[in-house]
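What TrEMBL says about this protein:
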type	residues	note
DOMAIN	51-298	domain 'G-protein coupled receptors family 1 profile'
TRANSMEM	35-58	transmembrane segment
TRANSMEM	108-130	transmembrane segment
TRANSMEM	150-174	transmembrane segment
TRANSMEM	214-236	transmembrane segment
TRANSMEM	248-270	transmembrane segment
TRANSMEM	282-300	transmembrane segment
Amino acid sequence: FISYILKKILKAMRNHSVVSEFILLGLSADPQIQALLFVLFLVIYLLTLMGNLMLLLVIRADSYLHTPMYFFLGQLSFLDLCHSSVTVPKLLENLLSEKKTISLEGCLVQVFFVFATGGTESCLLTVMAYDRYVAISSPLLYGQIMNRQLCMGLVWGSWSLAFLDALINILVALNLHFCGGQNIHHFSCELPSLYPLSCSDVSTSFTALLCSSLLHFFGNFLMIFFSYVRILFTILNISSTSGRSKAFSTCSSHLTAVIFFYGSGLLRYLMPNSGSTQELIFSLQYSVVTPMLNPLIYSLKNKEVKAAVRRILRKRI
């Protein structure tokens, strides 16, 4: 259904727009710097693929990790693979190409999937915050509350809500016509970067983007914030120091991931679209670097994951 809608959208936009492709000018035009950037981002992308695939395999292979927390972590790893693959391959291609173009269709498809995968990650981080709250506040009822049916429902709900949000924004963007400028001062296609190039009124699309950002991203952020407020009060009521320390340690990896994702993502969309260095750095942080860091955060700071890796290695030996 989504594929059918996108085809209709792209066909309609092609009929109303003179411009058939855009030029991505987000990174350096110096060939030597481009070569260095290509090597850097290729290494980051390979590390992203390896780290997230390895985490998925460890969670699947070790029965001790078949719990709601690691079920959600596996979903996050799969999502990071998708999110990174939306932008990085095209970024690598453009760093090697003299003509750094992307078709109108390709640009809109990229906008859709950047929005969809980013929105899903926002929802999933909220779900993981709720999971940590239940684990700390009701440890004896944790397995009963966070049953498989609820976990699957929360994950499917996250994907569905984000894809619906992305689809609404793309449907509204159908009214944007492009008949002049082609240069996008960014390394990927995002709606804020397309507005200056449109020769039609962008107010409706901008309003839809603003409302969805407030409801989706800020709404999720507020739910994460309130979850951690309740977690904090629960931890402070724990009498033993070791108990409080253990409770804090179960949240530290997730809290670090939230800071990386929201810190860079929200700053990017709150900044005016200018193609500035800061804007590009924040975009690179949440779309390229964060997917690489998440498996490191959850493996290096998690004793259970490290123990699972040792068990798997012993079985192999």
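Placement of Cβ uses the backbone N, Cα and C atoms for every residue, glycine included.
Heads up, TrEMBL stuff is auto-annotated, nobody curated it.
Using a cut-off of 8 Å between Cβ atoms, the transmembrane segment (282-300) and the transmembrane segment (150-174) share fewer than three residue pairs, counting only pairs 6 or more apart in sequence. Across the residues of the domain 'G-protein coupled receptors family 1 profile' (51-298), the predicted structure has a mean pLDDT of 84. Sequence-distant contacts of the transmembrane segment (35-58) (same chain, six or more residues past either end, CB-CB distance under 8 Å): 27-28, 65, 73-74, 77-78, 80-81, 84, 88-89, 91-92, 95-96, 288-289, 291-292, 294-296, 298-299, 305, 308-309, 312. Here the transmembrane segment (108-130) has Cβ contacts under 8 Å with residues 6, 9-10, 13, 69, 72-73, 75-76, 79-80, 82-83, 86-87, 90, 102, 154-155, 157-159, 161-163, 165-167, 169-170, 173, 188-191, 194, 216-217, 220-221, 223-224, 227-228, 254, 257-258, 261-262, 265, 286-287 of the same chain, all six or more residues outside its ends.
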